[in-house]
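The following features are taken from TrEMBL:
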- 12-36: transmembrane segment (TRANSMEM)
- 56-80: transmembrane segment (TRANSMEM)
- 89-111: transmembrane segment (TRANSMEM)
- 131-153: transmembrane segment (TRANSMEM)
- 185-206: transmembrane segment (TRANSMEM)
- 226-247: transmembrane segment (TRANSMEM)
- 254-273: transmembrane segment (TRANSMEM)
């Protein structure tokens, strides 16, 4: 049982980390709370399925889907940036909510309510650890998540781009006055977040298929961001580990449906005890 929990947690951690990182990267850089991330992840998987029926090659489909994320990220970044300029960050969040609702109509119209299977580009062989198994796909996702964690932690501390994003997120006006191109930084954040979220979406799609349940999975993947800290790029990986472990332990002890309840209970507990998340920046209010 312990081994099953650990292996299952590792499997969930990889996808939680990638999806959570995409959300935190956008929020930390732009301040926009993207409520449409689950819908955009499902759109990615649906488009991949449609391309699969035409192209056939799983690798080509994957590359095409990732390439599409760049113009999609730019378009979303421009739209939300204009909302922030004209109104507020809350207005941008409402825009993402409206975008999600609109996409639900598109999904129903174009793809219906069925579930579609995606063909993985990797072989179906697996690694057996005791009685637990990790497929080649799951091992690849774990490797990607570990690489993303190492790259993120080093990139934000020791590169000029990382310092620029930290400066732009701390004070956009001051950053722009010092010569930083804040608009470009924001667009890069949206594009990077879109690509990372697409990788997580394809990972879910290969495992579970393309169906509307991915919307809730995508929204549930925000839990590691909330637990780790919405403005902490490193904290999201720790939040993903806690979220994954909670899901697996609750599933083993209480059943699958109780696992989701346990996860959101952990989110509420974190918000109650430490609203900024375990590694998020705490706001000091002066009297």
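Just so it is clear, glycine is given a Cβ too, placed from its N, Cα and C backbone atoms.
Residues 5, 8-13, 16-17, 20-21, 23-25, 27-28, 145, 149, 152-153, 156, 169, 259-260, 262-263, 266-267, 270-271, 276-281 of the same chain, all 6+ positions outside the transmembrane segment (226-247), place their C-beta atoms under 8 angstroms from a C-beta of that stretch.
No contact links the transmembrane segment (131-153) to the transmembrane segment (254-273), because fewer than 3 Cβ pairs that are 6 or more residues apart lie under 8 A. Pairs of Cβ atoms less than 8 Å apart link the transmembrane segment (56-80) most often to 185-206, out of 12-36, 89-111, 185-206, 254-273.
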